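Chemist: The following block contains the structure, expressed as structure tokens.
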């Protein structure tokens, strides 16, 4: 983390439980981010907050530290049963819930508090076995939590702390009725610690906060600009015929350590994936049709560096928290201006530099004026040499193909991707096909 991303406030200066301080210290957390520095003094006084903060600002650690400290400093409800969690964290997507649970384990291993996670797309029985053993902190998506509540597997009458993360997304995805259903089954708002976080504190989000929280204090970390100064933006105007070749050429030229390619439709994402896969790149595909177990595996491979490129739709990528993304490629300009900000905001996080490359083709160029008005600046235009684009591109790989023991096209016997003439393309260490710069100002 860079110094500009952190405040001067140290976690050690807070009156936190010693086990929490130990966990933070072992994980390398010394200084707070601004949202942590502002929210924790309020939360540690057992006061509710409604926080406005963008993804990547450290809000997850803020509410996890507050939740763990609250449970450790508050007596367990008398007569609490095994099926009664003491805290609940609601997330709009399973990917975000999984990420929160991973972060929570850093604190759980030192404090003795048990963490459980539930979300759709996974076996009810597998998740139920965890719940049957009892959990202190329940993390999950609202739909699956409601299923277990209605079955009597979970009882919310002992909840002492509750977190609603990315509340604005909850509205966008139509989960507000679910949230109100769950709040009505918890103890009174005054008897629990309530935390709400949202990228924007719109009137509907504030109404939700005041309906189900105890006079929450507002904590606002609003960026001065919708897009970070750490992100270098550029836009190209390719023809439809050259669009794919331009993408492949730029990826070859940029050789990104970790990149996400966004496209507007499932079909387009599959097409992009097939060309990248055929060209020997280590690439994963995330669309709404990808089964949940495969989604999790792809995300783990991407996070661990086993995949270098992720191709995704906006819906499939919602709630993803992946660090160290160096490049974002908007193969299609999004129809929604906010999606542009969300997309490129996945790079340039925590004070690091990032690159955003967008294509304004014939089909989506009309989206550009609204996007530039929304972000209050023009995106620098970069020209390119059509004659310099790659022309020795292998045929794309079919999306739905059978796997067998024979080596696939573009792969060697070890299963690792290969580049041109069998050169290894994976790992960002293999030789590239050219050194020619294709960008022209």
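Cβ atoms are placed via backbone N, Cα and C, with glycine included.
Keep in mind it's a predicted model, so treat the numbers as computed, not measured.
This is the feature table in Swiss-Prot:
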MOTIF     9-37  motif 'Q motif'
DOMAIN    40-219  domain 'Helicase ATP-binding'
BINDING   53, 54, 55, 56, 57, 58, 59, 60  ATP binding site
MOTIF     165-168  motif 'DEAD box'
DOMAIN    243-390  domain 'Helicase C-terminal'
REGION    401-441  region 'Disordered'
Chemist: Restricting to the same chain and to sequence separations of six or more, state which residues have a Cβ under 8 Å from that of residue 59 (ATP binding site).
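Modeler: Residue 59 (ATP binding site) has long-range Cβ partners 35, 36, 39, 51, 53, 165, 197.
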Chemist: Neighbourhood of the ATP site (53, 54, 55, 56, 57, 58, 59, 60): other residues with Cβ within 8 Å of the Cβ centroid, in order?
Modeler: 33, 35, 197, 221
Chemist: Please spell out the DSSP helix, strand and coil residue counts for the motif 'DEAD box' (165-168).
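Modeler: Split by secondary structure, the motif 'DEAD box' (165-168) comes out as 2 helix, 0 strand, 2 coil.
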Chemist: Just to verify: the residue among 56, 58 with the fewest other Cβ atoms within 10 Å, which of the binding-site residues is it?
Modeler: 56
Chemist: Taking the Cβ of residue 55 (ATP binding site) as the centre, how many other Cβ atoms fall within a 10 Å radius?
Modeler: 19
Chemist: Over the domain 'Helicase ATP-binding' (40-219), what is the model's average pLDDT?
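Modeler: The answer is 93, the mean pLDDT of the model over that range.
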Chemist: Provide the three-state secondary structure of residue 59 (ATP binding site) computed with DSSP.
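Modeler: Residue 59 (ATP binding site) sits in a helix per DSSP.
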Chemist: Within 10 Å of its Cβ, which one of these binding-site residues (54, 57, 60) has the largest number of other Cβ atoms?
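Modeler: The residue with the most neighbouring Cβ atoms within 10 Å is 60.
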Chemist: Quick check on the motif 'Q motif' (9-37): DSSP residue counts for helix, strand, coil, in that order please.
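Modeler: The composition, in the requested order, is 16 helix, 2 strand, 11 coil.
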